[in-house]
Amino acid sequence: MPAPGAPLSRTSRLLLLLLFKVSVSAALSFVPEPRNGTCLGESCSPLIPRRSRDAGGPRNSARDALRVHVPREKLEAEVRGATSWDLPPPRGGDTGVIEEAAASGPLGPPTKPPGAWRWKGAQGKEPSGHLGRREPTDSQLFRQTSERGEMSSKRDEIPQGSQEHSVKTEPEPRDLFYWPRKTGQLQGSHYRPSAVHEGRTLAPPGRALPQNGSADDWVPDQGGPRRGNSTNRRVRLKNPFYPLTQESYGAYAVMCLSVVIFGTGIIGNLAVMCIVCHNYYMRSISNSLLANLAFWDFLIIFFCLPLVIFHELTKKWLLEDFSCKIVPYIEVASLGVTTFTLCALCIDRFRAATNVQMYYEMIENCSSTTAKLAVIWVGALLLALPEVVLRQLSKEDLGFSGQAPAERCVIKISPDLPDTIYVLALTYDGARLWWYFGCYFCLPTLFTITCSLVTARKIRKAEKASTRGNKRQIHLESQMNCTVVALTILYGFCIIPENICNIVTAYMATGVSQQTMDLLNIISQFLLFFKSCVTPVLLFCLCRPFSRAFMECCCCCCEECIQKSSTVTSDDNDNEYTTELELSPFSTIRREMSTFASVGTHC
């Protein structure tokens, strides 16, 4: 028979077991499960399945029963090993703090979709004194990227002066994750390029890039020599006249000499062209050739002389590459025109000396004269065309701060030319020295001297067998022959330095200094201008018809000259026209002189 207190003791034991079971179950409900890296929101929290079991009734009782028998030490180890999502681990490593943090609220990020309100709540939970560096999620990267874009747009709106003060150097509490910016930007640096400069080369402080964006050729902001191909910088040209030095005296001498050549050449060549064009009785084939020569001399002096003098004084071409190409082209074309004109004059004088009466009775029409001039022009322009291809503008630094580099027009073939033109340019460059010497020096001098000697012999024979009426014409032919020889000697004397310069450049360039080459070049240039200036003066001195017409042209505006010329008788006028026309008494033009005299003018 059981004792009377046995049921009571059994009941108390059952109650103790039940109480122990309930306490263990309550402790297991707070144990966090290992967090899955792929879950988001409250689904990662162990409270959700626990609450679902409490609401829906007991489920998985077998697993719950197994958890009852798990030792307490293992449960505490799992609690210690579980990492918190929102709160950082305490420095002291106290397990009680971990349990309080786990029991105080749900673990992991909120379950609501990411948005501005969600991250504002997250910002308030993060302490300001510690920053955790861990791998962010996609939503966190999206938020930080959007915030960076907003900050860059705001920074563009802020002025440059206040932008540097607004850049933060330390992270704020609202930043979830903080790491250094992109490569090339140091942490805490105040230098933040704006979005408008992306993809461009930025110069370091104190330097300014040239306009083409090249980082190699930098241009300093202030002071120092300027380099690079910037078009905004202002370069000072050298003043050749101040201060007074040996170079400035040379510049004054060059300037005075060029003014004399310019004035004399312009007036003389214009006078020759006006005399031939405005006087009908001066329109012979020989005078037309001389007028053509005067036109090219005028072109050389009017166009090339100022450019060459400007380059000599400032070491800079006024029109840069255009003047570097066009000035040598016009000069070589002028040499060709002079060469062919002298040859044509020699042939014309030889025909006149062979049969004087027949020559002066023959009249050449305008088309014949134009055809001869066209042959001279086309031949000279075509032969000078390779000079345009060979000439290149070269710049050399003088070594002075703020001064423009010296520009030189050198013979250099560009590799960008087409293959055919490039081969022709190479061939011409190899044969240029002897072509220049043979065509522009030997041909006019030898041919003219030979023809002049033959013409002089013909004139002597004609003078012995001539009648009284032809002696005046033979004397005029002798004057014209001497004029052609004088023009040839002047031309040969002025072209010799150019050939010497070419020979020195081709064979002795290494042993001659650049200063000597520049001196030879400027001497050859001035002798070419001197030839163009002296040619009309030589015509007025040696050719009587030109001198008489020039004096009449100069005195045509004077009333005394006009009144004096009106008192001359008609016979004297006929003799004057006969002399100027170089006509014989048997010429048919003499009978028509009264008709053409009223058409022509003396100026």
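Just so it is clear, glycine is given a Cβ too, placed from its N, Cα and C backbone atoms.
Different topological domain names are assigned in Swiss-Prot to Glu320 and Phe550, which places them on opposite sides of the membrane. According to Swiss-Prot, the cysteine that forms a disulfide bond with Cys409, out of Cys324, Cys482, Cys494, Cys501, is Cys324. Averaged over the topological domain 'Cytoplasmic' (277-289), the predicted model has a pLDDT of 83. Within the chain carrying the topological domain 'Extracellular' (505-521), a Cβ under 8 angstroms from the stretch's Cβ atoms is held by residues 433, 497, all 6 or more beyond its ends.
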